[in-house]
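Visitor: I have a structure I would like to understand better, so I am pasting it below and will then ask my questions one at a time.
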Ligand code: NAD
Ligand code: MG
């Protein structure tokens, strides 16, 4: 029986994974080691009971009594806090999904890599904040990273193990999010509720807002650069409102291999779960005749300045990814809390990058988690300060 762990089990990606695991036999088919979650401890306990997990961990210590009560008599161990999540991730499991949102996913992801495990990675922030550290640790321990972000799963499948040497460019698509067709002058007045609606994908609130600002695609461009080792000059983004083509690999011979599928995360999660094999998944096959047409356009960088910032981050290297990710998280917190406008997020992030670039050591990639967290703290502070300065 294969053993599995799911970090961030109660989120949007975590729920999709739970659906797949349950359909594929649940506790009779998988030995579940650890499930982790946040505030929704009732759901976490329900999942842990259903999969007969060894341990369930909430990120928040004040939620531990509630989690304990919900697990009473189940035999599932309960724990709380960031250190307990990292400890749970360090427990041996054949396959671990990281579906935590934000930089909080980095420490437990590193634990999985340190034990040489298979890390199915939805948490793109892990690679954005600490790409060189993460990839070198995986090489050192023999760990395997499987991309679960849909575009990266698509590139991985379209590349099919071929060398990057013969690749002319890699294109990832973007739906354009909630404000694709809004007049530019209206964006400054966009509300959190308006930014939290995605035309095609049903996802957590933070990534949904990041889709409207294209910060999500910016993170994904950096993620692709770090994971596949492809230079920024060969990485492209196309706006594709239907979200059917997820990525395309264009080869030097003019051929282009695209990956198409319904916008359903169960494909990418299920692909990583069954890799290197394929298994039937509860994802509807495409009916291209019913879809009729697929459209593509170049992204407008006036509307989505995050894409320009992503290229600058890749060009800068060093600590820029850690700074970019953390500053973006701060700016998003500030937008959600009503402290800044939707269009203030990119300038706040750019301000943080400029501040960090003046600091000693910026040109070097963080060598360990402590260094990543130091840049993370500096970036959040600088992004929040921009708000004060504005
Ligand atoms: P979500 O907000 O729905 O769920 C996040 C999960 O992380 C929840 O279980 C939550 O309890 C937990 N969590 C939140 N803060 C935490 C913290 N500080 N410490 C530990 N755990 C914490 O998010 P999501 O939409 O499922 O996205 C998860 C990750 O996957 C993100 O990195 C996102 O960018 C990526 N991703 C999501 C999708 C999608 O379809 N939702 C697609 C591609 C990539
Ligand atoms: Mg994606």
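Glycine is treated like the rest: Cβ placed from N, Cα and C.
TrEMBL annotations: computationally assigned, not manually curated.
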Visitor: Do you know which of 87, 194, 220 TrEMBL groups with 149, 151 in the Mn(2+) site?
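Guide: Mn(2+) site check in TrEMBL: besides 149, 151, the record includes 220 out of 87, 194, 220.
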Visitor: TrEMBL records 150, 151, 175, 198, 211, 216, 217, 220 as 1-deoxy-D-xylulose 5-phosphate-binding residues. Which of 63, 124 is assigned to the same site?
Guide: 124
Visitor: Check TrEMBL: it lists 10, 11, 12, 13, 38, 40, 123, 125 as binding NADPH. Then name which of 177, 204, 229 it lists for that same site.
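Guide: TrEMBL names 204 for this NADPH site.
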Visitor: Provide, as an integer number of angstrom, the distance between the C-alpha atoms of residue 38 (NADPH binding site) and residue 198 (1-deoxy-D-xylulose 5-phosphate binding site).
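Guide: The Cα atom of residue 38 (NADPH binding site) is 23 Å away from the Cα atom of residue 198 (1-deoxy-D-xylulose 5-phosphate binding site).
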Visitor: If one measures from the C-alpha of residue 204 (NADPH binding site) to the C-alpha of residue 149 (Mn(2+) binding site), what distance in angstrom results, rounded to a whole number?
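Guide: One finds 13 Å between the Cα atoms of these residues.
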Visitor: Quick one: DSSP breakdown of the domain '1-deoxy-D-xylulose 5-phosphate reductoisomerase N-terminal' (4-131) into helix, strand and coil?
Guide: 64 helix, 28 strand, 36 coil
Visitor: Kindly point out which of the binding-site residues 10, 38, 149, 151 have a C-beta less than 6 Å from some atom of ligand 2.
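Guide: If the test is a Cβ under 6 Å from any atom of ligand 2, the answer is 149, 151.
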Visitor: By CA-CA distance, flag whichever of 10, 12, 123 among the binding-site residues is nearest to residue 149 (Mn(2+) binding site).
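Guide: Sorting the binding-site residues by distance from residue 149 (Mn(2+) binding site), the top entry is 123.
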